[in-house]
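Taken verbatim from TrEMBL:
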DOMAIN    A:13-87  domain 'Glycine transporter'
DOMAIN    A:99-174  domain 'Glycine transporter'
TRANSMEM  A:38-60  transmembrane segment
TRANSMEM  A:72-90  transmembrane segment
TRANSMEM  A:97-118  transmembrane segment
TRANSMEM  A:124-144  transmembrane segment
TRANSMEM  A:156-178  transmembrane segment
TRANSMEM  A:184-203  transmembrane segment
């Protein structure tokens, strides 16, 4: 495999964007659930750092970056306060939650796959870890808030697939050493747009035939 | 304590069997829940690798084996595709889910306890880790799919106990250095059969007396 | 930063008290849910060791203390057996669950923050880790038992805030090197009493204004 040298600044930018976006999705869901400001901060923080913590625990990066770089925590708290005061400006909470969630998904599948490659994981494990990093925070958010997880909902639109595709693209461009900022940025945009299009046009994966007896 | 030398091939066979069985239980539950093929793959993968990842994170084996040996991932994906096409051959989904789950439980309690001993954990922690390895994937599966977890359900049959017994037997036979393939294999069969008998005859643990006031 | 030398005996006492208190809260919830004795033990163990395991995994202390010192496990099993026989003496299960949970919260926010500082984490990450250690076990308990998590419940009283305050006090007193047994003990009492007062007088955090359209 080629040595994987991604731009460290680029990686941090992706992580900061994803942290803010996921924190917003958590804080806004907390508003919809009528939690108080402490509950908003808890849900924002867990959504924002959850996926990255899973990623770092699995590759053995101790302590996870959210516990070494306090910027991620401040950013999530900032998103909470912003949401506390400004959420009435968003006239559709659920749409806003989905858009921020899609942005987090788009950048974290990339940062997860990049870090997995940097730690020497093979292609398929890197794709899996990218996907887990992308969906981990949202899964924790939905389970804590007692919503059906976005990633597993009968009748829900493509969610894990855009993330897995984004991670796959990163693994491929790293292999061909074309992993510059432009291709990485375009991959993030691709995942983001794909998820939004899936939501807009209700794209779903094929379903197994229903068994006559589903006892 | 005696040095614990288990057969590495045996351990890998146990892990592969457990991975396939848990992946099937996840994929079949996804069919029952009417998820699409992506949801099936997500639930199959998480059920299959969840317990082993918890085990490896706790003992500090980084990255977990599911991320170093891609066979586990391919096997879970194979189980997903197989289930997608072949599930109508199973005329009772729920029974099939329980049987595959019992098989995963039986082999993972053993592989968890073996690995715990190999990493120098004491007897009681090894039993706990074996049990956690066995129940971890199924707990994640049930919580993600919003089912009551099999391990904690009022009125449910013995689930954690067969796993804890299996792990205990492994700790004992390792102590007396009789840990050959035959005894390990018999232990797996014992746990599997015990769980199925518990389901068939509704064996439950003793319950505390109900308080008159359970507020 | 000052070197953080906390009393090891003190830290172990805190951990033992918290383990027993959280195990009781889990075992009592299991009684309310009508689980059998195995379910009681599972819920007691996970509540008791959950937060500490998260703490140790994040700072990279492998294996977590619950797997190196079997006393924690025996203590949780003892709490289970005690609860099995003695729970009818408690005439209000829910109140007892809340009081034990508050005790666990009070000591684990401290042990989490102390250990985070000892491993070199900065002030904000140490506060976050202390809070996570305190709320982690209870979150797992509530999710496994399919209750809304105490930390995130519309209309619930302050829960994460007392824990975060306790962790903050520890970070401050460690900075000023006044971290003797007395101040640490007083901090635990402060968090415990604050949580109980919040429950008694229904103290809640400020809530964001409801959006007219919460779709």
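Backbone N, Cα and C define each Cβ position, glycine as well.
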Annotated stretches the transmembrane segment (A:184-203) and the transmembrane segment (A:72-90) touching (3 or more Cβ pairs under 8 Å): no
For the domain 'Glycine transporter' (A:13-87), residues assigned helix / strand / coil by DSSP: 63 helix, 0 strand, 12 coil
For the domain 'Glycine transporter' (A:99-174), the mean pLDDT of the predicted model: 93
For the domain 'Glycine transporter' (A:99-174), residues assigned helix / strand / coil by DSSP: 57 helix, 0 strand, 19 coil
